[in-house]
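Chemist: Let me give you the structure first, and then I'll get to my questions.
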Amino acid sequence: MPGPAVDAEKVPFRSAKEEIRAGVGVEGSEGGGGGGGRERPGARGHRQDIVWRNVFLMSLLHLAAVYSLVLIPKAQPLTLLWAYFCFLLTALGVTAGAHRLWSHRSYKAKLPLRIFLAAANSMAFQNDIFEWSRDHRVHHKYSETDADPHNARRGFFFSHIGWLFVRKHRDVIEKGRKLDVTDLLADPVVRFQRKYYKITVVLMCFVVPTLVPWYIWGESLWNSYFLASILRYTISLNVTWLVNSVAHMYGNRPYDKHISPRQNPLVTLGAIGEGFHNYHHTFPFDYSASEFGLNFNPTTWFIDFMCWLGLATDRKRATKQMIEARKARTGDGSA
């Protein structure tokens with residue numbers, strides 16, 4: 001069973017706007033009492049240089065993924081199943097690992113599980129755990145401001161992929177430096193992955209997915225590389241990005257109508273349980289990232305299974321009373 005809910009007033013990484021409504025002044029937030037200036041949506045006052053290397057590499061990756069589609073009929077069924085299995089591992093490295101464990105500390109994981117999730121996270125190749133988690137904490141605390149790495153108020157393209165095509169806004173860097181990330185640096189698994197990130201990415205994201213089909217059931221290296229590595233990697237990237245873009249623009253807001261994140265079932269389907277985004281931004285400490293627990297939430301299934309095995313503990317959960325009170329106070333009435 002899920003662990004007891006934590007006190008909402010003690011939950012870390014609340015958004016700046018949420019702290020405003022709770023009467024807590026936040027430097028640089030909208031209307032905050034900390035004396036900071038108003039955070040403006042967008043980056044009109046700050047030029048962000050285009051990172052042409054990223055533009056080129058991402059364009060090349062997506063072109064290669066399109067080419068990969070023509071190889072699907074030529075590949076062995078086991079290769080396609082392997083590619084999907086690698087996609088699930090990749091997703092768990094982000095959702096159960098970098099997101100719910102390391103960014104939000106919504107549950108605790110023992111060393112074997114942390115090692116597994118770190119390996120899966122390297123397969124995801126979306127920055128190392130430390131950087132991913134730090135930026136995600138900034139995203140929650142300063143959502144929809146210039147300090148948000150993928151500020152949805154700058155449009156669909158920017159929040160989906162465009163934010164990777166430019167250098168980080170100075171506010172993202174500044175706010176990130178002010179966050180307390182000592183818990184991340186205290187984890188030897190996080191430190192190891194960060195130190196050897198390039199090596200682990202090459203092995204987990206490209207070498208292992210490619211060699212397994214070739215070595216075990218005789219798939220061609222060409223098919224293995226493009227399907228289990230390139231296509232799988234490209235799809236997993238876009239699924240994660242959909243949470244930043246689609247789930248911040250399309251859907252209802254039953255828990256807090258004053259924030260951008262929405263409930264989006266299609267994103268939930270692709271991102272194995274991460275599409276209950278209005279709930280997640282309202283109750284970021286909840287390990288399930290959803291009011292509905294096991295209602296198509298594979299990441300929650302995985303964490304619960306790890307708890308059953310004794311590899312995870314201390315799952316945090318919002319109480320029913322807390323959820324209903326929040327719906328009545330700030331929800332849009334859709335649920």
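Each Cβ is built from the backbone N, Cα and C atoms, and glycine gets one as well.
So Swiss-Prot lists the following for this protein:
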type     : residues                                : note
BINDING  : N54, N127, R134, D135, R167, K168, W241 : substrate binding site
BINDING  : H139, H248, H277, H281                  : Fe cation 2 binding site
COMPBIAS : 25-36                                   : compositional bias 'Gly residues'
REGION   : 24-44                                   : region 'Disordered'
MOTIF    : 136-140                                 : motif 'Histidine box-2'
MOTIF    : 277-281                                 : motif 'Histidine box-3'
TOPO_DOM : 1-54                                    : topological domain 'Cytoplasmic'
TOPO_DOM : 99-198                                  : topological domain 'Cytoplasmic'
TOPO_DOM : 248-335                                 : topological domain 'Cytoplasmic'
TRANSMEM : 55-75                                   : transmembrane segment
TRANSMEM : 78-98                                   : transmembrane segment
TRANSMEM : 199-219                                 : transmembrane segment
TRANSMEM : 228-247                                 : transmembrane segment
Chemist: For a quick check of understanding: among the binding-site residues H139, H248, H281, which residue's Cβ has the most other Cβ atoms within 10 Å?
Modeler: H248
Chemist: Could you tell me the C-alpha distance between K168 (substrate binding site) and H277 (Fe cation 2 binding site) in angstrom, no decimals?
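Modeler: About 24 Å separate the Cα atoms of these two residues.
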Chemist: Taking a Cβ cut-off under 8 Å, which residues six or more beyond the ends of the transmembrane segment (228-247) line up next to it in the same chain?
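Modeler: Long-range Cβ neighbours of the transmembrane segment (228-247): 61-62, 64-65, 68-69, 79, 82-84, 86-87, 90-91, 94, 124-126, 150, 152, 156, 159-161, 163, 205-206, 209-210, 212-213, 261-262, 264, 266-267, 270-271, 274-275, 277.
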Chemist: List only the single closest residue to H277 (Fe cation 2 binding site), chosen from the binding-site residues N127, D135, R167, W241 by CA-CA distance.
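Modeler: Closest recorded candidate to H277 (Fe cation 2 binding site) by Cα: W241.
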Chemist: Report, as numbers and ranges, every residue of the chain located at least six residues beyond the motif 'Histidine box-3' (277-281) whose Cβ falls under 8 Å of a Cβ in that stretch; write 'none' if there are none.
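Modeler: Here the qualifying positions are 15, 140, 143, 243, 247-248, 251-256, 259, 261-264, 267, 289-291.
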Chemist: Using a 10 Å cut-off, grab the number of neighbouring Cβ atoms around the Cβ of K168 (substrate binding site), all chains included.
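Modeler: A 10 Å sphere around the Cβ of K168 (substrate binding site) contains 17 other Cβ atoms.
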Chemist: Non-local Cβ contacts of N127 (substrate binding site) (under 8 Å, 6 or more apart, same chain)?
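Modeler: Spatial neighbours, sequence-distant, of N127 (substrate binding site): D135.
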Chemist: In DSSP terms, helix, strand or coil for R167 (substrate binding site)?
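Modeler: Assignment for R167 (substrate binding site) reads coil.
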Chemist: For the transmembrane segment (78-98), find every same-chain residue at least 6 residues outside the stretch whose CB is under 8 Å from a CB in it, and list them.
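Modeler: For the transmembrane segment (78-98), the far contacts come to 72, 117-124, 126, 129, 132-133, 136, 209, 212-213, 217, 219, 223-224, 227-228, 231-233, 235-236, 239-240, 271-274, 298-299, 302-303.
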